[in-house]
Amino acid sequence: MSGRLIGKVALVSGGARGMGASHVRAMVAEGAKVVFGDILDEEGKAVAAELADAARYVHLDVTQPAQWTAAVDTAVTAFGGLHVLVNNAGILNIGTIEDYALTEWQRILDVNLTGVFLGIRAVVKPMKEAGRGSIINISSIEGLAGTVACHGYTATKFAVRGLTKSTALELGPGGIRVNSIHPGLVKTPMTDWVPEDIFQTALGRAAEPVEVSNLVVYLASDESSYSTGAEFVVDGGTVAGLAHNDFGAVEVSSQPEWVT
C-alpha cells in the first residue's frame with residue numbers, strides 16, 4: 001500500500017465484521033490508526049488482535065451517546081486526535097407497510113439514523129481542534145430509490161443522505177468534509193440471505209466489501225479534499241437504469257417501432 005492515510009486517526013462504527021471490518025483493514029493498510037466499535041465484542045476483539053497496535057476495539061452501541069463519547073476519547077487518548085469518522089453501523093428489517101411493527105420502525109430509525117447523528121455530533125469537537133476532518137456516512141442505493149418492503153431501511157438511508165448535506169454545509173468552514181456512500185448489494189453477513197441476482201446490475205454481480213472500502217479510503221484521504229456534501233455510488237450500475245438483459249437476444253430488424 002502507498003500510505004495514503006499516514007498521520008490520520010479514524011473511528012468506525014459497526015467494524016467487527018462485514019463491510020465495517022473491511023473498512024478498518026483497508027484504512028490500517030494505508031497507514032491510519034483506527035478505533036472501531038460494535039456490539040459484537042468477540043468478533044471485534046479478534047479483528048483488533050489481527051491488526052495489533054494499529055487498531056483499538058471498543059464496545060459501541062450507536063444509539064447510546066455516552067458510548068460515542070467513550071469511543072472518541074479512546075481515539076484521542078490512544079492516538080492523539082481524530083480525523084475520520086465512518087458511520088457504518090446499520091441494520092435491515094423488512095415487512096409490508098400494513099404489517100410493519102412500530103417497534104421495528106423505531107428500532108431501525110434509532111440505529112440507522114439517530115446512530116449517524118450521534119456519531120457526527122461526537123466527532124465535531126476533535127475535528128475542529130484538528131482543523132480538518134472527513135465524515136463518511138454509509139447510506140445505500142435505498143437512499144436514492146425505494147425498495148418494496150424495505151420501508152424503514154429506505155426512510156433511514158434517504159435521511160442519512162439529507163443529514164450528510166446539511167452537516168456538510170455547516171461544518172465546511174471548519175475544514176470538515178461530509179459525504180455519503182451508496183452501496184448496492186454487498187456480500188456481507190447482513191445480506192447473505194439475499195439472492196445475488198435480486199438486482200439486475202450492469203456488472204452482473206454483487207460487490208465485495210473491499211470495493212466499498214476502496215472508496216472509504218479515498219474519502220478519508222486528502223485526495224478527496226474538495227469533495228463534500230456529495231453522494232458516491234458503488235452499485236455495479238443498479239441505479240443507472242433498468243437492465244433489460246433479454247433485449248440482447250432480439251434481432252435489430254425484428255424490433256417493433258415504439259411510439260411514446
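Using N, Cα and C of the backbone, Cβ positions are placed for all residues, glycine too.
Not measured: the values here are computed from a predicted model.
As recorded in Swiss-Prot, the features of this protein are as follows:
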{"type": "BINDING", "residues": "Arg17, Met19, Asp38, Asp61, Val62, Asn88, Tyr153, Lys157, Val186, Thr188, Thr191", "note": "NAD(+) binding site"}
{"type": "ACT_SITE", "residues": "Tyr153", "note": "active site, proton acceptor"}
Sequence-distant neighbours of Thr191 (NAD(+) binding site) in its chain (C-beta under 8 A, six or more apart): Leu92, Leu185, Ala206
Val186 (NAD(+) binding site) in three-state DSSP notation: strand
Reduced DSSP assignment, Arg17 (NAD(+) binding site): coil
Which of Arg17, Asp38, Val62, Tyr153, all binding-site residues, has a Cβ with the fewest other Cβ atoms inside 10 Å: Arg17
Surrounding CB atoms that lie within 10 Å of the CB of Val186 (NAD(+) binding site), all protein chains: 23
Taking residues Arg17, Met19, Asp38, Asp61, Val62, Asn88, Tyr153, Lys157, Val186, Thr188, Thr191, which bind NAD(+) in the record, the widest Cα spacing (Å, whole number): 23
Three-state secondary structure, which DSSP defines for Asp38 (NAD(+) binding site): strand
